[in-house]
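A.B. asks: When I checked TrEMBL for this same protein, it listed these features:
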type	residues	note
BINDING	GLY132, GLN133, THR134, GLY135, THR136, GLY137, LYS138, THR139	ATP binding site
COILED	406-455	coiled coil
COILED	538-565	coiled coil
COMPBIAS	17-40	compositional bias 'Polar residues'
DOMAIN	47-390	domain 'Kinesin motor'
REGION	1-40	region 'Disordered'
REPEAT	620-662	repeat 'ARM'
REPEAT	661-704	repeat 'ARM'
Amino acid sequence: MASGGGYRNGTHKAPNLRTSSSFKSKLPTSASSNGRRSSTIDALSGRVRVAIRLRPRNAEELAADADFADCVEIQPELKRLKLRKNNWDSDTYEFDEVFTEFASQKRVYEVVAKPVVESVLDGYNGTVMAYGQTGTGKTYTLGRLGDEDASARGIMVRSMEDIFANICLETDSVSVSYLQLYMETIQDLLNPANDNIPIVEDQKSGDVSLPGATIVEVRDQQSFVELLRVGEAHRYAANTKLNTESSRSHAILLVHIKRSVPGREADFSAETDHSSHLATNYKPPMLRKGKLVLVDLAGSERVNKSGSEGHMLEEAKSINLSLSALGKCINALAENSAHVPVRDSKLTRLLKDSFGGTSRTSLVITIGPSPRHRAETSSTILFGQRAMKVENMLKIKEEFDYKSLSKRLEVQVDKLIAENERLQKAFEAEVERIRLEAQKHVSEAERNYAEALKEEKIKCQMEYMESIKKLEEKWSLNQQKHTNNGQMGSGNEEISELKMLLQHEMLTRKAAEGEINTLKDQLDRFTNPGSVGGNSDILNLQRVLEEEIRQKKRLEEEVIVLRQFSQLTMEAGQTTSYLGRSRNGTGLPGLDSLSPLKNLHCKDASNGERSSITNLHEQVGLHKILSLLESEDATVRIHAVKVVANLAAEEANQEKIVEAGGLTSLLMLLGSSEDETIRRIAAGAIANLAMSEANQELIMTQGGIALLAVTAADAEDPQTLRMVAGAIANLCGNDKLQTRLRSEGGIKALLGMVRCGHRDVLSQVARGIANFAKCESRSSAQGQKAGRSSLLEDGALPWIVQNSNNEASMIRRHVELALCHLAQHEVNAKDMISGGALWELYRISRDCSRDDIRSLARRTLTSSPTFLAEMRRLRIEL
């Protein structure tokens with residue numbers, strides 16, 4: 001006989017209770033008179049175990065019952081509960097287990113459901129059921145999926161975790177059905193079209209089955225959770241005064257487990273031919289069938305409290321009728337009545353085996369603390385007290401699969417006979433054939449191997465020679481490039497262009513001087529007094545001569561500027577070569593020291609170069625340099641904008657540049673030029689000028705934001721995008737420009753530049769978002785702004801959350817500041833919670849390396865009612 005038993009029950013002072021034996025005790029084996037295994041198993045007595053769980057107060061109860069004490073007093077160490085009638089009188093009840101409002105889901109499962117699951121794995125039927133008033137936590141206790149918080153998983157999910165951990169999927173199987181009893185109609189939650197499933201009872205065994213229900217075999221925990229999620233989506237629920245998601249149907253999860261029992265041999269009778277060596281060597285397959293029933297009952301309710309009306313009122317009537325029928329059956333079983341009204345309701349028919357049958361049953365009673373529902377709480381407690389008096393007779397279900405064994409043996413015998421005959425007739429011929437083929441294959445393989453080895457050797461030699469040749473060519477090419485580059489490096493090309501331009505200007509100057517000399521000779525001839533009409537010609541020549549002199553001076557000034565450009569570029573190239581050949585890019589290195597990007601070149605080289613730029617500015621004049629920005633020669637414009645950008649890097653020069661019209665020229669150059677280098681340097685110069693609050697307003701007035709936005713959309717070079725992002729980031733720090741900055745596309749342009757993915761560009765984007773969020777937070781605190789943040793409306797939150805833990809410290813620091821500033825405005829809290837920002841704020845408050853940011857995050861979380869409520873719901877403590 002198979003082993004079985006019942007678990008030890010807790011003591012209770014109610015009358016007529018019997019203590020069951022230990023579930024782990026072994027049963028004596030017995031056999032029938034003919035030596036075969038008995039089809040029936042000795043039964044064990046197992047009382048229904050009842051545990052009670054108190055729900056914590058909700059927000060409504062905290063507000064409504066603030067002046068009243070809870071009507072329930074829990075004494076978990078004594079497994080006792082007191083229900084107060086008034087301030088001086090109370091009733092005391094004892095249960096198998098008493099859970100306080102702080103009891104974890106794991107402890108509830110281990111005490112209530114885990115023994116039942118273990119018995120189901122051993123071949124018994126088991127039932128776990130939740131009963132109580134609506135809104136007291138039945139579905140939370142039984143059916144919680146725990147997607148957001150793994151510790152909140154309910155009994156259904158944890159039961160399947162234990163089942164999968166204790167079975168072998170190769171030999172065992174698990175299948176589930178998920179149903180609901182709605183308005184006295186059994187419906188399939190996995191197949192909503194199947195909405196009227198009949199109940200069938202076996203006349204011999206009395207077992208209840210649902211032949212029309214969908215049965216799905218599950219192989220892992222994930223597929224089971226998906227089935228639960230599908231079923232929950234089809235379950236009826238409604239919003240009542242007592243519960244926002246009140247279940248309007250009884251949910252029933254059926255889990256069927258078939259397990260093979262290893263190491264169990266069949267007891268063949270004396271009538272069997274024991275001389276058959278074949279039969280005695282085979283073990284008949286033995287199966288244990290267990291069924292786990294998990295029932296989430298709909299909550300009992302009083303219509304005057306729940307506010308149900310119309311169709312919801314009919315639902316409430318149906319729920320209360322089915323629960324009333326269940327209570328009548330429990331009363332009849334507790335009083336050992338001769339008649340149990342099982343057929344009064346489909347619910348009692350489905351649970352026929354759970355109460356007074358062969359199933360091991362655990363019942364969870366859920367109650368609330370509010371004194372307003374004392375009558376419902378008392379009724380629920382009395383139901384549990386009566387259920388503790390119900391005794392079940394537990395039976396294990398074990399059977400042999402003789403038909404499968406017979407077929408397997410017959411097929412095996414036929415195969416062995418055929419194989420034996422074939423081997424006897426063909427053994428010698430087969431051995432000889434294999435030997436000859438082996439010799440042939442060995443010879444052929446040796447020949448093929450020798451040929452392949454020879455071909456591979458030749459191929460390797462050719463590839464080796466070809467590789468040597470390519471390496472020699474590359475080495476020669478690199479040597480030639482190294483010789484040509486010399487010490488000037490990447491600046492030779494630019495220097496050559498300047499030299500050619502300088503030579504061209506010198507030739508132009510010589511030609512102008514020759515023309516002036518010719519005109520002087522003509523003037524000398526016409527100064528002769530005897531010449532006719534000489535006076536008018538002399539005047540004309542004088543005017544031409546004066547114009548040529550002015551043009552000569554202008555050319556001389558441009559030559560001086562170009563010479564200084566050439567000398568400055570040569571010095572910059574030498575400095576760059578001295579600092580290292582690893583830096584790429586053209587133009588003056590001093591440009592890279594713009595305010596948003598001050599860390600790219602060493603300060604000594606930058607200071608020396610800027611001093612040269614300052615000397616050039618003092619010698620030539622700022623207006624002359626700015627006039628070269630409009631030169632038709634692209635090379636002249638490039639060098640001129642470089643000089644202006646380097647001058648703009650010094651705060652002392654910025655006011656002079658703006659007064660001389662330099663900002664207007666730079667904006668025009670940014671909008672009209674198609675040269676990437678000019679656009680990059682112009683954007684950098686504008687970024688430096690944008691550090692001044694006065695200049696920021698001028699940039700906005702002259703349409704600078706629109707120009708920067710267009711440049712950001714068209715540019716692909718990371719350095720250009722870095723300059724544009726730096727300029728917009730400086731503008732984001734001005735409180736007065738917030739509305740106009742967003743309306744002209746500045747924020748969208750800033751967010752659009754994240755497509756580049758370059759770390760420096762993202763750093764400037766993060767700085768701009770942090771500046772904008774800080775200004776918004778300040779405006780909200782002063783009452784100047786209401787409503788959600790513009791950053792949230794423009795869709796910046798996903799990028800902010802994604803980069804809040806970026807590996808780059810500059811990006812991470814700015815994003816962390818942006819999150820803290822956004823969270824300071826209460827109207828943004830809900831959007832930030834739904835977007836996942838709460839977890840990042842919590843991480844910043846604990847793990848940020850900056851003390852000021854960490855303190856700001858903690859202060860923001862503790863001052864926001866919305867964040868505090870969500871953290872209390874998730875049980876997060878700062």
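Backbone N, Cα and C define each Cβ position, glycine as well.
Could you place the listed features in the three-dimensional structure?
C.D. replies: The Cβ neighbour count for GLY137 (ATP binding site), using a 10 Å radius over every protein chain in view, is 22.
Averaged across the coiled coil (538-565), pLDDT for the predicted model comes to 66.
For the repeat 'ARM' (661-704), the residues of the chain that approach it from at least six positions outside its boundaries are 586-587, 591, 594-596, 622, 626, 629-630, 634, 637-638, 641-642, 644-645, 648-649, 651, 654-655, 710-711, 715, 717, 719-720, 723-724, 726-727, 730-731, 734, 736-737, 740-741, 744, judged by C-beta separation under 8 angstroms.
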A.B. asks: Test of understanding: give the count of other CB atoms lying within 10 angstroms of the CB of LYS138 (ATP binding site).
C.D. replies: 27
A.B. asks: Would you identify which of the binding-site residues GLN133, THR136 has the most other C-beta atoms lying within 10 angstroms of its C-beta?
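C.D. replies: Compared across GLN133, THR136, the most Cβ atoms within 10 Å surround THR136.
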